[in-house]
């Protein structure tokens, strides 16, 4: 129970911490979006620049304060606010001859207090008393000073109740405001020492973290400490909600005056939604806020898909990070916040289409390992296969539907070409994954070892990688055309360089490295002697890698151990040593004699060697038996992966084309 209450208290403090930082973002956004009049002269321009810089600086400092310092700052701020409100009420009340009429206009016609009589003054006195008590409580004043402050706030009302002349009432209100202002200034001056030491502590802490951990970790720690994504998310949602309420109120007022009724038509709702979307990305901060909202949506979407397909990989939970980063980069690349409203809406819709295709590609990256794992491990439960297959089918149908809809509403341009290329690429990747899945499932229903399965999987994946590489080259050309003839920018140039390096150069390098490794492994395997037929029947053991019997053939290493050719080839993708004794497998001299029938562990009944050479005898034979005995040499699971006697060899075929790149 205590832990639950503590957790609720921590969550409440976190919510309050985020809520108190949001006004800083509003102030910074308002300063950046404020209108600048170039004809005001150099003095006015300098004053505006000074005010803007001061506002941004103070708001940034408050935004970066620690939680304790932030609460203390807002305590002082609300105390000053309550004191100011009390002074304004006293001034307003003492300067109005017809107090109720002035009150009624100020209250916009709402009858919050009685119309006349003593109860009206008692109501005003209650409000002032509330302001005074709040002021005293927030400043933590002692009893004597607290009583004096409350008395100072209430004196102007007593002057009105005593029916003093107007000049006397105004003089009393001014004296009360002066006393309250002096008290507030004294309290703030007394806390300057705390402010100095707080700033000094923050500076020393930042300098210490920068020297020890570097700038990157410092920024990451600050990002998490102030909960900046949550602050941006609350800022954007609050801003859009406030604008929506204002727009709906104005539209309903206009329709009421025109006699159209209070209900809003679909066209009006669409116009309101369009205006909200346009204003929701009219500055850099609002774009960041929209990115934070997209991050939250993408995060929970990724978690839902992972739970649906039964995956527990932590790396697949990065959708909430990838989606907002990509959206923000697209916004900067296209200059979204600086466009005209109508053009901004069109550009935003295009960016969202590109973002949708990128999210679908990421979801395919989440489902592909699960699909391969289920097929290679021969899981027989249909309930495990159906969710992954449904997601794969959706990943194939959604790009097709998106491309069909876009081609029927838009003419061909560079944006439509890019979206279509991404959709076609995703469909091909899904087909490659389903093809490999089908190969593994066919092998699972077969009782005979399918030695060509590894080659078929490699051919299918290589074909997919080649097509993906070609699409990368095509997209690079499309981006170059866009940059030269449509909307060139430095950010687009940087993104094209990154695309050329990661999606073209590295992909070609890794693919070529995989091809060379496979060719080298095949060359090594072909250099080893092969045992077939009757000679294979004399071997009374299993492959030391997959623990499966030898059905058709076996390869013998120079150190007199034998394996399946397929198993040994996958091992040679990783390193050029024997899995049993770690001697070199590939020997250039092919003419030296080999004792082919050492039987991995021992000679079979003293049988002669393959090439007709007699079996070694005496002490040398005993040494060879000790060296080659499978039972005397432990299998290194860390180098090859965990195996068991009942697990088929096909488990090692998952992601075969990437094994060579994991060095």
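Every residue gets a Cβ built from N, Cα and C, even glycine.
What TrEMBL lists as compositional bias 'Low complexity' is 603-613.
Taken from TrEMBL, the feature compositional bias 'Acidic residues' covers 622-640 (among others).
Per TrEMBL, compositional bias 'Acidic residues' is recorded for 649-663 (among others).
Looking just at the domain 'RING-type' (543-582), the mean pLDDT is 82. The domain 'RING-type' annotation in TrEMBL covers 543-582.
Under the heading region 'Disordered', TrEMBL lists 598-663.
Look at TrEMBL and you will find 12-36 (among others) tagged as transmembrane segment.
Same-chain residues lying 6 or more positions outside the transmembrane segment (42-66) and placing a CB less than 8 Å from one of its CB atoms are 21, 24-25, 27-28, 31, 34, 36, 73, 198, 202, 222, 225-226, 231. Annotation source TrEMBL lists transmembrane segment at 42-66 (among others).
Annotation source TrEMBL lists transmembrane segment at 73-93 (among others).
What TrEMBL lists as transmembrane segment is 120-138 (among others).
Marked as transmembrane segment by TrEMBL: 145-162 (among others).
The transmembrane segment annotation in TrEMBL covers 168-189 (among others).
Residues or ranges marked as transmembrane segment in TrEMBL: 285-309 (among others).
What TrEMBL lists as transmembrane segment is 321-339 (among others).
Residues 294, 298, 301-302, 305-306, 309, 311, 313, 316, 319, 322-323, 326-327, 330-331, 334, 336, 388, 391-392, 395, 398-399, 402, 406, 415, 418-419, 422-423, 425-426, 429-430, 433 of the same chain, all 6+ positions outside the transmembrane segment (351-367), place their C-beta atoms under 8 angstroms from a C-beta of that stretch. Residues or ranges marked as transmembrane segment by TrEMBL: 351-367 (among others).
The transmembrane segment annotation in TrEMBL covers 387-407 (among others).
Sequence annotations record features per position, and here TrEMBL assigns transmembrane segment to 414-440 (among others).
With a cut-off of 8 Å between Cβ atoms, the residues of this chain six or more beyond the transmembrane segment (73-93) that come close are 20, 62, 65, 99, 102, 106, 124, 127-128, 131-132, 134-135, 138-139, 153, 156-157, 160, 170, 173-174, 176-177, 180-181, 184, 187-188, 191.
DSSP places the residues of the domain 'RING-type' (543-582) in helix, strand and coil in these numbers: 10 helix, 7 strand, 23 coil.
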